[in-house]
Each structure stands twice: as structure tokens, then as C-alpha cells.
Amino acid sequence: MARGKRSTQRDADLELESLQSEIESESPQPVTKSKAKKNKKKLNKASAFNSDNDSNYDLKPEDDEVDEEVVPVKKKPSKKSKKAKANAFEAFADEQSVEEEEEEDSEKPVRKNKKSSKKASPKNAFDALADDMDDLSLDEEESESSEKSKKKKKKSKSKDDGSEALDDGDIESSEKDKKKKKKSKENDDAPKKDRKTRKKEEKARKLASMLESENKDNDANAAPLNKTDAFKDGLPSGRLIFAYASGQKVAPDGSNPADGITVTGNLLSPPNSRDLQVEKLSVSAWGKLLIKDSELNLINGRRYGLIAPNGSGKSTLLHAIACGLIPTPSSLDFYLLDREYIPNELTCVEAVLDINEQERKHLEAMMEDLLDDPDKNAVELDTIQTRLTDLETENSDHRVYKILRGLQFTDEMIAKRTNELSGGWRMRIALARILFIKPTLMMLDEPTNHLDLEAVAWLEEYLTHEMEGHTLLITCHTQDTLNEVCTDIIHLYHQKLDYYSGNYDTFLKVRAERDVQLAKKARQQEKDMAKLQNKLNMTGSEQQKKAKAKVKAMNKKLEKDKQSGKVLDEEIIQEKQLVIRFEDCGGGIPSPAIKFQDVSFNYPGGPTIFSKLNFGLDLKSRVALVGPNGAGKTTLIKLILEKVQPSTGSVVRHHGLRLALFNQHMGDQLDMRLSAVEWLRTKFGNKPEGEMRRIVGRYGLTGKSQVIPMGQLSDGQRRRVLFAFLGMTQPHILLLDEPTNALDIDTIDALADALNNFDGGVVFITHDFRLIDQVAEEIWIVQNGTVKEFDGEIRDYKMMLKQQIAKEREEERRIELEKQKK
């Protein structure tokens, strides 16, 4: 029984792949083949998806010359009834209506051009569907005459034998035939191609539904087939499972990123293109329109930075591509980094190499299917062969070690299993996987989260020098990374995708100039309206009528400009502005507030982390801690907070000193069932609700976001709640461990202003070079058991890191060249 089900499953999978290929070509694949050339059709139309206009689906590739082949049918078609060509799908529908009556008849092969062969009868529903699809490719004239002949024979037989009247199914079929013929006459001018496409898509859906039923029978624990997962541009797709670098499409909470996303638009890129171009793109998530009638243009070889405030739809757009909701050319391979690698028994190296093996198996399966018609699929076969060659590198292990070490993995960590790593390190594993496989379109959603400065510097160098011939689409809250990496900026603003050449600084300059021009234009419109209003008050009735019409037209145009983002520069600044302010600490603490005296530390049974540290902190301190991963930056914060005690030496603190810590795990303290105001009142119950709402508003939480459960807030909004909590404790010294994760650029700038205006001390760890540049007055390097002040600015430190990376890269190239010479 189980073997039979697996056989059925394999048949279904093969049929799905075959059907997908047939629909992608937008023309039925011929089963009856002739050496005569078919009429060639130009590939000059856009392919639409989720569109009401079916004519936009048309992709008309050229038909190739093919050999002749024998096709089994259920009855030999009549040659006497040949007429003008009719729609092949009408014949197919008619054939289905009499299918039950023909089951007892034996199938006979029809000789086509004096050649014959036999085909086995279908054994299950999937085979039956396959035979139905084969019958569609018969010559349309023969299909029509065959079906008419069958109907006549059936009717004649029914009358002669005195058989019973037609059952309800036959009556319904007869009525449907009449309606179809009538509709065919009314739509003679309509393109037949569209009807065929729609019929094929309907068959694909039915087949996918049957496949889902089989999957449920075979494996009760298997995840149900989701239409979003199974279809790409309405087509069955086997590639989508490999589109996520994490190795999983389902989020940690069990949700599918594609759930709730709807997309419309037209694909412009031809099948063999390495670009992704879509016009009239609209994207919605859970009913909220995020992108409206925009163009998506991703040109091969360019590196795009996608920027927008949190909640605007950046991640939704990336998921829409990765989930197949936005169609892509068949030759374009893509991966998305959006979450950490799923923990398992694989080591770090094995986990990275695994993505290579999965991709290779997938490509080989695709190639096997395409080899059924190598002439027709020559372009796709060439693309797959090139991709397979790229995957078959002799130094794969060396590349994996290079990437992992660049992401600051130690040799000890590399040897660990992935289920022994924290979520932050598994995020680096997922990043290493996508960098190793290096798809044609690489999508990175906040890749610098969970990285330290050294890893960020290495990643910037890698993306800048190793992406030739590949396209990058990245969302990132680090302005420095956007400046170092990006050749173009895509600004998602007012539901539109606006494109700017250059990096982030260039975007800011061009955007500011454009805003000024828009402001001038808007002011001029207002002046013109004021003049018209004055004339309106001073003229006669006829002139007043004309002036009123002109004022009305200008008002309408001004309103349209405002809706499209063309507003005054004061309004633009107000929209972008966000203010965060920490409560004053009150002072009263003499310097030094904290003093380290010959402090050494090691965990029980572990190596020495610090040896004889001597330094002090006060309310004027603005210190950024930098250094390689594992050097002890977080441990130093714990020593300051007295969460761990020195092995030797002492840490002296003022008795009235108040400290506050922000770290990656503070979000666990939040009660997601409560609103921000409710949760803060549980911590500071003496403050009335009105005052609490005013305080929360300082941190960018206004209106509805103050009173809805925090489970409905974004990660960035929840971080603002934590900032509000820290500020209300009125600490003398703020300790921040990676505060910028999940914040957008505007919020990071607001945080920098808040720290600069804070009257207490600040000690922080961050991977954001720009935040350090904005806030830090001292840079301390934590390395080799010591803490030393860096003599220079953060730009100098970053330049030093990049020089080391460049030196290592040149050394590797030299070694490779020597190997090639040998």
C-alpha cells in the first residue's frame, strides 16, 4: 500500500513539473510532432500575475521543429467532419462529458503520418489527467471532428438500443456545450491563447490539490501544501523551498511569511534574463496596501539598498519575491536571508555546505526534466549547467572556513554543532550559507544584526568585491554599510519605489534638493491661488465663474501633489523627525563614579579574560567598546554592573550610583498582553495614565501604538518602550549592548541625539560605526585581556580593519595564482 502511494506521489510530482514547464512556455507542448515548422510567435508581451487582464499572461516563445510521434486516443477521429479550426479546449470539455460512457470501450492508437506506437492506459487520477493534457495537443480540426463523431455514435447507439435517457451529468454537459459554442461565436476575435492558459492553470490547481491529498495520506506530520508555496505566477514550483538561506520557510512562531501577502503586476523580464523588472507592482499585507503601481527594476550587477521606516513594507517585498508571489525569469536564481539557521546536528561547516548540496540536487532534477526536449529548453539547460559548474568548486571547504572566520567564528566554534549555538550565531550561519551559495539575486534583510564591528567591516568588503555578475538587494539600518556597499538606493516612500543612483549619502543630497524644488513649486501654486482669489473678489459674475473654475482645478492639483508626496519641505521634515529624550539623572555623583583597581577576571575553570585593569568612569564619559568577538566586551559590562565579581582586584562604586542596562534579552521582560502604557505603569505605578502617555510619546510611540497590546508592535517599537523604561529610572550611567538592532535609520539618529543630550555617562557596544561617530568621545579596544584607549576616531579604526582584510584577501589571491601555475 505504502509503495503504491509513493508511486502515485512520484507520478504526481512528475506531472506537476511537466505541467509547470508547459504553462511557463504559455503554449501547449506538442504531442503529435511533425517535421514542418510551426508559425513562429514573438516574445513581446509582458507576463502578468494576479491580474484581471488575461491577455497580459501571453508569453509566446518560438516553437521548434519536432519529430513525428504516435498518440493514443480513445476513439479514432472522423475524417469527414473536418471544418474550420475551433478551440481545442472545447473539444477537451466535450470529451470529458462523455468520458464515463467511453470507459468500456477499448483504446485504439491512431496512426499519424504512417507512424504508430502504443501508450499504456492511465492507472490513477494523475495518469488520467496526464492523458487528458496529451489529448489537448492534437490537431484542433481533428479534435473537433473526433468529438462530433463520438457524440453522433453515442446518440445513435442510445436510440437504436432503446437505452435509458441521459443522466443528469450528460444533460449538464450538453447544456455546457451549447453555452460554450454560443460564447465562442460571441468571442471570435478574442485570443485563443488566453483560454488555453486559463484552462491549463485550472488543471494545475486541480493536480496540486490532488497532490496535497496524497501528501496528507503519506505523511500525517508533513506540513500542508500552501497555495503560496506551491505556485509561482500561478504555476507549480519546486524551487521555492530552497529560496530561504535559513533552510526553512516557516517562521519560528509557525507562521508562513507569505501568509496575508497579495501581489499584482506585470513581469517584463524575458525568461533568460538575469534582471528582474516588474511594472505596475502593488503589494499588500493583511489588507494594508504597502506598494502601489510601482516599478521594480533590479539590474544584474547592481547593489541596491532598500530603505524606508519600519512597517513600510521592506521585508514584505523581499518575502514576496522569495515566496514566488512576484514572478521571476526562469533563469534567475535567488535566496533570502531573513532569520537564523534552524538548529540541528550538523557542524557549522556541514551546515554551510548543505545549502550547496541541496541546490545541486534541485538543479539536477530540473535538468533531467528539461532534457525531454533539449532543443526547446536550450537556454534554461545552459543556465543550469553554468550554475552547476559554479557549485562544483574544488576548494569548497576552504571557502567555507574563509567565510566563517570573516564572520568572527573561532576554530572552536566552527567545530560545534549548530544546535549548540545561540540564535545570534545561527544567524551568522544563515548569512554564511547565502554568501557561500552566492545566488544571482541575493536578498539580505538586516544582515548586520548580531554582527560586531569586525564582522561588519569584513561583510562590507565581501559584498563590495565578491558580487561581480550578481545582484544585491539589502535592507540595513546601518548608514555606513549602505554607503560602503550600495551602488543604488531604492526609497519606499508613500507606497512608491523611487530609485536613486549612488550610495546613501548621495541619496540624502539628491532627496534634499528634490524636496526644495517641490517646496518651491508648492509655494508658487499657493501664491497663484491667492492671486486668483483676489481677482475673484474684484471681478464680475462671468469672470468670477471662470476664476472659480480655475481655483477649483488648482486646488485639485495641489491635493493630488500632497497625496503623491509633493509637499512643502517643512512638512517633509516634520514627517521624518523623531525625538527621544532620556530623563535627567540629577547629577550629584563625584568623579570617578566607578573605579577599576588591578581587576583580573576569569570564569571558573576557564582562561583569564582580563588582567590588571585600571580605569574610571564618570557622568561625562562617552565610551564605545570595540574589539574582536569573544574578547570580553559583554563581560566588562557585567563587571561594571556587579553581575560578576573580579577574580582579583576591586571595583569601587559611589554608594548612590544608579546604573541602567539595555541588552538583547530585555524584550523578554515585556508582557506582550499589555499595552506600553499599562506595562510601564506596573513598573512606575505612581504616575497617572496621562503623564505616562506623554512620556511614552517622547520615544516615538503615539496614538494607537500606546494602547494596543505590545504583541502587535514591531520590534523597533518595542525597543522604544524599553528606552522609555530606562529613561524613567533616571540612571547616572547608561550601559547599552547593541541597542540599534531592529531600529530604522531615523530612530537611530534620534537615539544618538538623546544620548548626546543625556546629562549622565554612556558606555555602549554597537556594530553601527555611525552611532559611534555621533556619540563616542573615547574608543576603548578590548583585546588580549586588556582594555586600551584607541588613539584616533572610529573612521581610523575602521580603516585599520579594512586594511587588514584587504591584506588577507591579496594573500589568498597570491596563493591561488601559485596553485594555478603549478
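Each Cβ is built from the backbone N, Cα and C atoms, and glycine gets one as well.
Keep in mind that what you see is a predicted model, and the values were worked out from it rather than measured.
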- Annotation match for phosphoserine in Swiss-Prot, from Ser21, Ser55, Ser315: Ser55
- Query: Which candidate in Ser51, Ser273, Ser312 appears in Swiss-Prot with the annotation phosphoserine?
  - Reply: Ser51
- Looking at Ser27, Ser121, which is the one Swiss-Prot tags with phosphoserine? Ser27
- Message: Labelled phosphoserine in Swiss-Prot - which residue from Ser7, Ser163, Ser650 would that be?
- Response: Ser163
- Message: Annotation phosphoserine per Swiss-Prot: which of the candidates Ser137, Ser213, Ser611, Ser647 has it?
- Response: Ser137
- Item | From the candidates Ser47, Ser600, Ser705, the one which Swiss-Prot records as phosphoserine | Ser47
- Item | Spatial neighbours of Ala631 (ATP binding site) that are distant in sequence (at least 6 apart) but have CB under 8 A | Val782, Gln783, Asn784
- Message: Give me the count of other Cβ atoms within 10 A of the Cβ belonging to Ala308 (ATP binding site).
- Response: 18
- Message: I want to check the contact list for Asn310 (ATP binding site): same chain, sequence separation of six or more, C-beta distance under 8 angstroms. What comes out?
- Response: Ser714, Asp715, Gly716, Gln717, Ala742, Leu743, Asp744, Thr747
- Any idea which of the binding-site residues Lys314, Lys633 has the thinnest Cβ neighbourhood at 10 Å? Lys633
- Under 8 Å Cβ to Cβ from Ser312 (ATP binding site), same chain, six or more residues apart: give me those in sequence order, or none if nothing qualifies. Leu290, Leu492
- Message: So if I draw a 10 Å sphere around the Cβ of Gly627 (ATP binding site), how many other Cβ atoms end up inside it?
- Response: 23
- Just counting, how many other CB atoms are there within 10 A of the CB of Asn629 (ATP binding site)? 17
